[in-house]
Every structure is written in C-alpha cells, then in structure tokens.
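So that you can see what the record holds, here are the features copied from TrEMBL:
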type: TRANSMEM; residues: 77-96; note: transmembrane segment
type: TRANSMEM; residues: 140-159; note: transmembrane segment
type: TRANSMEM; residues: 198-219; note: transmembrane segment
type: DOMAIN; residues: 222-294; note: domain 'DUF1736'
type: TRANSMEM; residues: 240-259; note: transmembrane segment
type: TRANSMEM; residues: 285-303; note: transmembrane segment
type: TRANSMEM; residues: 374-398; note: transmembrane segment
type: TRANSMEM; residues: 404-423; note: transmembrane segment
type: REPEAT; residues: 474-507; note: repeat 'TPR'
type: REPEAT; residues: 508-541; note: repeat 'TPR'
type: REPEAT; residues: 578-611; note: repeat 'TPR'
type: REPEAT; residues: 680-713; note: repeat 'TPR'
Amino acid sequence: RAIKTNQDLLPETPWTNIFYDDFWGTLLTHSGSHKSYRPLCTLSFRLNHAVGGLEPWGYHLVNVALHGAVTGLFTSLARLLLGGGLWSLLAGLLFASHPIHTEAVAGVVGRADEGATLFFLLSLLCYMRHCQLRGHAGPVRLVAWFLGSLVCAACSMLWKELGVTVLAVSALYDVCVFHKLKLRQVVMLLYKRKNVDLLLNVFLLAAWGVVLLAGRFYWMGNKPPNFSNSDNPAADSPSLLTRMLTFSYLPAANFWLLLCPDMLSFDWSMDALPLIRRLADWRNLYTAAFYLGLFFLAWFSLWTHQTVKGKETNGKAHHYTNGRNGNSNGHSYQYNNHEHTNNSHTDFHINNNTQNGTKKHYESRTPLPTSENVVVFSIGLLAIPFLPATNLFFYVGFVIAERVLYIPSMGFCLLVAVGMRSLYVRLRRRSFRTMLVYCSATVVLLFSVKTVLRNKDWQNEEMLYKSGIYVNPAKAWGNLGNVLKSQGEMEEAEQAYRNALYYRSNMADMLYNLGLLLQESNKFSEALHYYKLAIGSRPTLAFDPRSALTGEAYIRLNKLTDAEHWYRESLRAKPDHIPAHLTYGKLLAMTGQKTEAERYFLKAIQLDPTKGNCYMHYGQFLLEESRLLEAAEMAEKAARLDSGEFDVVFSAAHMLRQASLNEAAEKYYGQAASLRPNYPAALMNLGAILHLNGKLQQAEANYLRALELKPDDTITQSNLRKLWNIMEKQGLRTMSP
C-alpha cells in the first residue's frame, strides 16, 4: 500500500504532498492515518516510480544498494572503535549477513529502516569527527561537523521515527568513549558541573532532539496513532502484572532473535508470543537472566577503574595496540600511546595541560578506546534505538518487528566483535586463537546461509505467508487465504480462512472475508452466517460500509426487506460510500422504485465523477429502462475513464452492442481483448461484433483463437460455422478443415 496504491508516488500528484501525508499516502491529520511520517522514504519511492514504474527490480536494487552503503559506514565505525583488521571486519561481516535484516532489505518498505540507519551513521560519524577535532581545529570546522551531525539526525528521523535516537547515542559516545568517564565520574560531572564544554554539547544534542520530536508531534496533529488490539495484545490487557511481565520479556525475546535468528516471521502479532500472566511462567527466568547479564556487563564496564600500567588498554597490556604486543590486530605496528591515559584516573578532574582529555600536542593517530568503553557504547547502540519499541513511553502497533532491529543490531555486532577480540587476547596458545577465528568465520557463514534461505521466503507473498504459519498461524493462514483468493483458487482460499479461524475464532475481518468468499461462490446462507459472526465479534461492523455486502447477500436470497435495512445502515455509517449507493440503487430498481433508484445512481456519480464504474452501473439501469442512447453515452464515459479495467470496458461494449452502436461496440470489444488477450469470452465477443460488422476474416481469426483457448465452447463453434457458410458463399478463403 505504501507503493502500489500510494497517490503520492504518481507524477500528477504534487511532490509537496509527501510532506503532509503519512507513509501510506493518507493525510497525517486524518483520523485513519497511521501517523508514520517518513517523507524521505516516500520521496525515494517516488523517484523509483518515476524511473521504472511498478517494476520491482528497481526498488529491490535500491534496497540492496542502501544495505551495502550502511554496511560500509558501519564497518568504518567499527574501525574507529576496534581498529583496522580482523575484528572490525568481523563486525562488518556479521552486520552484512545477519538474517534479521532480511525483512528490511528484501521487503521493499523496509527501506525506511535502511535510510534511517544510513543517516544515523552519518550523524554519528560527523559527531565523532567533531569530538576528535576539539583542540586541533578552528571553531568553523568544529561547528560545521556538529551541524552536519544535527542535520543528518533530522534526516534520519525523516526516514523513520527512531532515527532521532542517534542524538542520545552521540552523547553516550562523547561521555563514555571520547571522555572515557566511569559511572562515578559521570555523577560528579553532573554534580560539580566542571566540564562545561561536555555539558553544553550534551545539552545541545538533547535540545535538538526535543525540537525534532515536538515538531513531529505537532505536524501529525498532536494525536498519537490508534492500533488494533490484536497488533499488540499486551497493551490491551487490563492486568498491570500481565503488561509488566510481557513488556519486560519482549526485549529479551528480541535479543534472542539477534543471538539465534532461527525462527523468523513476517508478523509477530496476535498470539505469536503468548502473554505472560503469572510469575510462575518459565519465560520470566529468561527475562531475569537477560537483564542481569546486561546489567553486570554495563556495570563492569562503567564502574571498573583501569590501571594504566600492567592492566589492559583496549583488551591488552597498555603498550598493546588492538590485539597483541606490538601488533595492531595481528599486524606489526607501534606508536606512542601514553597521552590518552590521563582520562583514566580514578578521580575526575580537568588537567590544565589538556583539552577534553587529550594534550594539546596533536597525535598523528587517535588512540583506540578501551574494550570497556566499546562495550558501554555497544550496549547503548543496542538499547537506545530500541527504546521506542519497548512500550515504555507509548504503546506501539506490534509485538516484535524484525525490521526494527536493523539499527540495534549494530550494537549487537560490535558486542560480539569486541567480545571475540578480548577472548583472543586472553588465549595464550596459538591453536586456541586459530580455533576462535574459525569459530567467528563459521558464525558468519551460518548467518549467510540462513539469510539466503530466508530470502527465498520473501520471493512472493504466498511463500512468505506459508513461512509464518509456525510462528503466527492465525495471521499467516488469513493472509494466505487472501493471496489464494486473488489467484482464483477459491477452495484452497476457503480452507485457509477456516484454518485461520481454527486458531483464532473471533477474528472479525477473517469471518467477514470468509463470508465474502462464500457469497462469491453463491453460498449465500452460509455467507450470511459468517457475516453475523463477524458483527458479533466486532459490533461496529454493523455500521461499516462493508455491511453493503450483507445487503447484497440478502438480495441473492430474495430477502429484499432485510437487504434494504443493511444498505440503509451502510449509508448511515458512511454517506459517501459509493458502492453502497450503487447496490442500493440496483435494489430499488428491482423493487420498482425507479425514480429513487436513479437518484442513488446519480448521487454515486456526483460523489466521484472520475469513477467509470459509477457510469457503468447507471448505464445498465438506463439500458433496462430502454433509454438506449443515454445508456450508450454512459457506457462510453465509463470505458474512457476506466480504460484499463477489463470489466468496465467489456460491459461498456455489451451496452453499446445492445444499443445497436456496433462500430463503437467493436472498438471497446477490441480494447477488452487487448486487456485480456487469453480470455476466450473476450475473443468470442470481438469475433461476433466483427462478424456483424462484415469484417469476416478478422472475425474468423478471433473465433479460432477463442477455440484454441476453449475448444469445447458451443457458441463459438456455432458462430464459426455460420461465418464459414457466409465466407464460402462470398468466395472467401476460410480456415475450415
């Protein structure tokens, strides 16, 4: 819907509409808006549409290119934190191949996460450069890099909302990596306010974040979005204990998907993750283990004090450089490293001979942060961008969304890389170190294989929904039913809907979809049964425009009074609902209320004069009233307006033929046949009108083509025999055997 039916992608729509509509093309202030404000992503879709229309390859090419660019920037970030060599390469490869990214890359709308991550990293790298230049560059360059960081943060948020969290990650980098402050030093900094420059930078980052969030909230009408209860069942639970236990468990479940992405799904709503209602639920143990592990890792990194001599700096003895004595990740390299140690003192203070923790003498190479600093930063990069999805500040419209882990996964990949590096340093035997490298390579290989397999699930909707049956059977079967129905596989679609209702019997939309399918299969009594069940599950459906379908089912059962009631309810719920006007007009015509019926047809046209379907229905009414010329006029209007809709064009041709306007009928039968060149009825009717118009050889060709597609069609066979008789009498050559 963000692409195929989004009017903001069309060239005739002013491009400025992108900045007033949500991701799906609905006005942000509209009550039905999803409130997902991602104008830069929509703009990228519009550019794709301008170049290649709705051809999928272009959209996927851009997505893959964005993932490659993000991977490159992330690897650059890893080099700044881990140094060049094996461990930054490992971090980059883990990110490039992680299966959790399949949804964001293979699913075209996942581009929002990729674009947000691209500018997230640009913002962070700009801020890191700003920090490194303090004391070594003029104010203009410092301000330029700082402003660049702020602008990129805004762009990240305009790709997707969580991009604004880069400002908090940048502040964390400044405090815990660049200044290398421990927990007690941070507390003293806030209490004594000694490092004013640091406090000012953090304040400016926070202030810019507030401005961006306030502006976005104002732009979307100062109203949060509304989500269905099934999208996030815990949010709808009346039990505080259930909400607390379930919401506490969700971050742990997301972390497990990063750690072991074995079972993935396109949708985790409904009962995919059952609510945790009791303290005795075993999943609470996993929750506790996750938070304890995270807490102790952060505490150790923030609290432990590094002794300059004899302790490890960046995972090794102080004179090591990122790996081994005298080596940089296994390569022979040494440089003077003594000056970066003055921020590691037990007591926080400002040295008169330093600026922001480095001496005025400019090092040719910025020292790498310690392993503890990288761990703290990695935890922040993992946790901070995920905060909007935790339901801590507001309820979100999902339980788990794999695409949301695209940015946090960078923190995970850094954690794995720094952990492997620390273990590598501590291993003394060469064989153990070699084994660790092979283990790292094996993890990357396993991730790559899983990603390739997961991409196969994303090849088309049917395969995707089948892959989700084990995680979310109700939603997966329901969506699969919709796909099968669109393919004309009605029996399979009906079974899929019934399977969905087996797992979740109160899904109003699914009950309604099954009723609609049964109605289209002429099983009207059973269709009414499911319509009533749908209304029982969601009473507001009784006043929904879709209740017009219930009215149509009653018409088919010849219960016209009941049908009239449902049509009136539908129009009372939504007076501008065009299908209800059209079908109610047909009902009134059936009951002899011709003047009133015509009024509803004309009202439908008035509501949307550009909709050819309205003219077609009105034309059929006029045809039944023997107002042939008026009917022909409506038919031609319908065909002109909806020239790409086969049903409209085909019906228009029928009406023109019945009005004895055979030349016009020939034109539209030909147009219908071009829309569906392998549809026997279209070819047969085109042959018949050509036959009537005396174009015998063209008629013969269309009859023969129709019989190739449907050899046993008796009407076409009869018409062809009559045509051959005429052609033989006129001495024309035929294809007769």
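Yeah, the Cβs are placed from backbone N, Cα and C, and that goes for glycine too.
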Summed over the domain 'DUF1736' (222-294), the DSSP helix, strand and coil counts are 39 helix, 0 strand, 34 coil
Leading contact stretch, 77-96, 140-159, 198-219, 240-259, 404-423 vs the transmembrane segment (285-303) - CB distance under 8 Å:
240-259
Which sequence-distant residues neighbour the repeat 'TPR' (474-507)? Criterion: at least 6 residues beyond either end, Cβ under 8 Å.
230, 265-267, 269-272, 461-462, 465-468, 513-514, 517-518, 520-521, 537
Taking the transmembrane segment (240-259) as reference, the highest number of CB pairs under 8 angstroms among 77-96, 140-159, 198-219, 374-398 goes to 374-398
Given the transmembrane segment (140-159), which of the listed stretches 77-96, 198-219, 404-423 has the most Cβ pairs that are under 8 Å apart from it?
198-219
Taking DSSP helix as H, G and I and strand as E and B, the repeat 'TPR' (578-611) has 27 helix, 0 strand, 7 coil
The DSSP breakdown of the repeat 'TPR' (508-541) into helix, strand and coil residues is 30 helix, 0 strand, 4 coil
I'm checking region-level scores; what's the whole-number mean pLDDT for the repeat 'TPR' (474-507)?
92
Chain residues outside the repeat 'TPR' (680-713) and at least six past its termini with a C-beta under 8 angstroms from it
646, 650, 653-654, 657, 662-663, 665-666, 669-670, 672-673, 719-720, 722-724, 726-727, 730, 732, 734-735
